[in-house]
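Structure, as structure tokens:
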Amino acid sequence: MQLFHDLESNGHLVEVPWDKVTVLFNLARLLEQLNESGTASMLYRLILFKYPDYIDANLRLAAIAKARNNILLSIELVNDALKVNDKCPNALSMLGELELKNDDWVKAKETLRAASDATDGKDSYATLSLGNWNYFAAVRNEKRNPKLEATHLEKAKELYTRVMIQHSSNLYAANGAAVVFAEKGHFDVSKDIFTQVQEAASGSVFVQMPDVWINLAHVYFAQGNFALAVKMYQNCLRKFYHNTDSQILLYLARTYYEAEQWQDCIKTLQRAIHLAPSNYTLRFDAGVAMQKFSASTLQKAKRTADEVRATVAGLQNAVRIFSQLSAASNLHIHGFDEKKIDTHVGYCSHLLSAAKVHLEAAEREEQQTRQRQEVARQVALAEEARRKAEEQRKIQMERRKHEDELKQVQQQEEHFNRVKEQWKSSTHSKRRDRSDDEDGGTGEKKRRKGGKRRKKDKHSKSRNDTEEAEADMMDEQEVEDEDADMNSREEPQALTNDAEENPHGLLAAAGLEDSDEDDEPAGPSSTISRRRQALSESEDEEPIIRQSSPVRENSVDMQESDGEIREEEKTYEDEASDEEK
């Protein structure tokens, strides 16, 4: 206000047209909603400077002071508004809330009742404020009077119900009724109401009700569902307070404490202390949480050295916190009982002494465990090395075995090739010997018979060539059959041994050894009988050889007429008769 007076005293006229006041107030309200409370306060004061009877500007300034936790300034601003209109229900309701927050219960009740009477009970806000007063009156004392508590709760329920009858969509009245049900132990009913209110509030951009989230988390906590309670507190803290509200952090720490999650409880309390360093209640709670964590750790049957070290550190911090609170209690700063704090200090000191002994034992056990683990690790490494060596040895043995098998197969193949070559050379030499014998017999006949036997020699040569060609074909077929038998590798060594010892036996088994041994001494026979036998064989075999042997088809000498053969037979018969004579 002084600023505007100074401007006018300096000759600067400050004008606010009356038809622009509402627009200016709405602009200030918007700035307040955007957290630009300084600019909004300046505009509210400008309105009050030009129009002192504008009560809404005073009430908004009181609301800004209340948000800054300046209760006395807020009460003063509301009283300024009541000087203009002492029956203003909004001003009376706000004053009653401020008096309630200031722990002035009697004055708060009278003020709220006056606000309700000013509107003949039709003002919902005043009625809700009076219901809130009855609720807080029922739960405010540590030593509760059951009858008085039930009376206040029933009165609060009645007031909330009255508002809901007038305005069925009033979320604040429904929230208050659910709180009363929860205090009476009807958790399922209250949870359903809170859930409906939460859904309705979430669907509106104009309603911000963090109390519903907090109350629903309280219900989960009372039912022992700590996980859902923690989740609800965290959502409310993030959604409405940007993780900066120490009171909700205290609720969250209490949930962790009841769930015996000591480390999370201590961390949450440390965050709250960082936000509100002058709150000694948070410090006391942090000391109690450290004490409880240390005691529970020392009571464990098995504990690690790290846990014992954390216990010692926690106890040292707890002793330090309780010592600070004990020193501050002499100055009557926080109102804690000094004897109670000294008891905590003594208990934590005792636990600290015991924890040091446990720490030494835990460190010795940890050292022994580390040594055992090292020995086990060395044994495991040795076992792993042995296993790898065994695997390597097996791999080498398999490789060597495979190489030996390949070498043996190669040797067998080489040996088989040698035997086959020997067998082929033996077959060819046998065939040559047989051809020489036949050639020798033919020459002797020529010498004995002279020129009269040319046709017979020619015919004998043709027959010998035919037999030799047939023998070659049979030899080739036998070689192919023998190769197939050798490739199948059935008893290769026995076959090679037999081939080496008796190559002629193979020929006999194949049906190739016939002429030499059969033609050799088979008893004395005359030249005439041999000739007759040769002629009969020639007559019988000639048509067969023509059909089966391709060699005869290619031989010009073997194509003789039947007349020549008969003539030759007649000549042989004449010669035979001459010799007999």
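Heads up, the Cβ atoms here are built off N, Cα and C, so glycines get one too.
Feature list (source: TrEMBL):
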- 390-423: compositional bias 'Basic and acidic residues' (COMPBIAS)
- 445-461: compositional bias 'Basic residues' (COMPBIAS)
- 467-485: compositional bias 'Acidic residues' (COMPBIAS)
- 546-558: compositional bias 'Polar residues' (COMPBIAS)
- 570-581: compositional bias 'Acidic residues' (COMPBIAS)
- 390-581: region 'Disordered' (REGION)
- 210-243: repeat 'TPR' (REPEAT)
- 246-279: repeat 'TPR' (REPEAT)
Helix-strand-coil residue split for the repeat 'TPR' (210-243), DSSP-based: 28 helix, 0 strand, 6 coil
Residues of the compositional bias 'Basic and acidic residues' (390-423) by DSSP state, where helix covers H, G and I: 34 helix, 0 strand, 0 coil
Secondary structure content, the repeat 'TPR' (246-279) (per DSSP, counts of residues): 27 helix, 0 strand, 7 coil
